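Following: one structure in structure tokens, then a few remarks.
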Amino acid sequence: MTEVVDGGDAIAKVGARAPGRRRAPRGGLRPRMSWEYVSFLAVFLVFPVGLFLLFVIWPFAQAAFYALTDWSGFSDEFNVVGLDNFVKLWNDPLFMTAVGNSMKLALVVPLVTVVVSLAFASLITVGGQGRGQIRGLGGSGFYRVISFFPYVIPGIVIAIMWRLILDPQMGLVNGVLTGIGLNQFEDFPWLGRVATAMPWTMFVMIWGFVGFYMLLFIAAIKGVPAETYEAARLDGAGRIRMAWSVTLPLIRDNVQTAWIYLGIGALDGFVYVVALNPSGGPENSTLVMSQQLFRTAFTQGQFGYASAMGVILALVTLLFAAIVFSVNRLLGGRDEKGRA
Amino acid sequence: MTAIAPESAEQAPAPPARPVGGGSSRLAHGDRGTTTIAHIVLVVWAVIVIGPMLWTLFSSFKTTNEIFSSPFGLPADWNFDNYVSAWTEHAIGTWFVNTVIVVGFALAGVMLLGAMCSYVLARYSFPGRRAIYYLMLAGLTFPPFLAIVPLFFVLDNIGLLNTLPGLIVTYIAFALPFTVFFLYAFFKTLPEELAEAAAIDGAGHWRTFFQVMLPMAIPGMASVAIFNFLGLWNQFLLPVALNTDRDNYVLSQGMASFVSQAGYAVDFGSMFAAVVITVVPVLIVYIVFQRQLQGSVSQGTMK
């Protein structure tokens, strides 16, 4: 292919004028200005982009500004207070608790979800018998369809369902536990104790996430040529060795993407924590940043302060993504050296 | 592309005759052990996934008394009272209809606008093209929580706060980056000759898009539409913050308010029924489009 596939504007323009080339190279048509063209651009470009700017970009920009004010949201008056909100946040024990809880979620949930969904995806795609054609475990079609169910259940419904399941009196969990003779759990309030509220919240989120990431990893593993696995098997690699030394390095980018999305999902976590424990959990043990932001903005009417929380949340999210990128690069770098 | 056999062994053609016995019997034995453990792990997970769902389904047919007195067995008789009361008394019906309206219009809107926008960005050259594309990408990464407070006032100022149209345009705007990002790659790959042929035949920009390009993009559109449908149906933050009129609730926020109503007064039977009503449509969509869904994920992940 001689054409510029992904050329920038400048290249496309040069291409358009180069003799002997097609008039409209890839990367852009350069049509004449006409009423038809102008109306076309207005509807196809200006309208959607305008909508996006007004409802997405503009609020983001405003939020960054409000974070520097003491605006309550209910009056027209506000003062620019500089970084006062951020100083206040630093000294706000409730918010710092929320930050800590969000961090816990962002560490545990992606780790467990990636490990579990990668293991299941490996079993389903290449974890079959050790001889013959490379294929998944018998009956894996069944496991695949079942495991994806939670993916299509709305997050809020997942959380509500688990709240009912964890209900002390009628819940499924306590019923099963007392059913097998553990009578001390008869009225155990799983979501009402500091020691168990957060772990169950994590579990519910993982339960909801695993299906999608299995789907993602299965798709990625299917993109790996079977010969690679056959070669590994001839070298005597077992299932775990194959997952660790073949699958993981080959779908590294997918794992990184998954990790970032999971981290963002866990840092948000709003739907889950709100439905499982609207009050923030026993002693605020499941209160997360997004929940505290929402309360501050819409219950307490401190919009400036809440925007500052939003800025912190955005920064933590970006920081998280940056860490995942760097870790992946560091590990990848070591691999390259090892191979050389 | 892929050389691996279908993941479901039972659908695959019979495997080639296995070598029997011989020196590798020790290996085969260990192999069988691992396979058994793998099956056990997957079965346990399947139970963890299915168990709660079945329990919810069964409970939805019980009276609140029965839920408390015998939370486990099957319902004594399968009555639909909970469904009736959830649908009518607890406004699930209204919320369901609202959700269908909002998600339907938003989905149609975002698919059309997303396709138009990504088509122009992918195939036309004009100043600022890259900048717009990167701005869209940036919109994908910011946490919506940051925007929610000012968004409240943007909608308030244009008089769309607490209305379904307000929710629809917001949904469209927030789903636009993902849609554009995905379809951009798709329009890039369509052959240039098609547009040229259309131009030679005298088609203008509008006609070229609607009669030539858009039909070509339908497979890509279908994948994005599935993702957008699930995403919009599950949307929670935007309605909770921007749509506080109880009559305009969508299902997800209605469910949340249902649960947060004063603890003891909650009609548990109806709540179970409401959960089932919310889950069933998406589950049906999933089962119908299961293959396409998987295909769309592989499309999105392969380079």
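Yeah, the Cβs are placed from backbone N, Cα and C, and that goes for glycine too.
Under the heading compositional bias 'Low complexity', TrEMBL lists B:1-12. Feature annotation from TrEMBL assigns domain 'ABC transmembrane type-1' to B:96-289. According to TrEMBL, the region 'Disordered' annotation covers B:1-26. Positions annotated as transmembrane segment by TrEMBL: B:36-58, B:95-121, B:133-155, B:167-187, B:208-233, B:268-289.
At the 8 Å Cβ threshold, with sequence separation of at least 6, the transmembrane segment (B:36-58) lacks contact with the transmembrane segment (B:133-155), having fewer than 3 such pairs. Residues 99, 102-103, 106-107, 110-111, 114-116, 119, 171, 175, 178-179, 182-183, 186-187, 190, 194-195, 198-199, 251-252, 281-282, 285, 289, 292-293, 295-296, 299-300 of the same chain, all 6+ positions outside the transmembrane segment (B:208-233), place their C-beta atoms under 8 angstroms from a C-beta of that stretch. When Cβ-Cβ distances below 8 Å are used as the criterion, the transmembrane segment (B:167-187) is approached by residues 102-103, 105-106, 109-111, 113-115, 117-119, 121-123, 133, 136-137, 139-140, 144, 151, 155, 160, 213, 217, 220-221, 223-224, 227-228, 231-232, 235, 238-239, 242-243, 248, 250, 300 of the same chain, each at least six residues removed from its ends.
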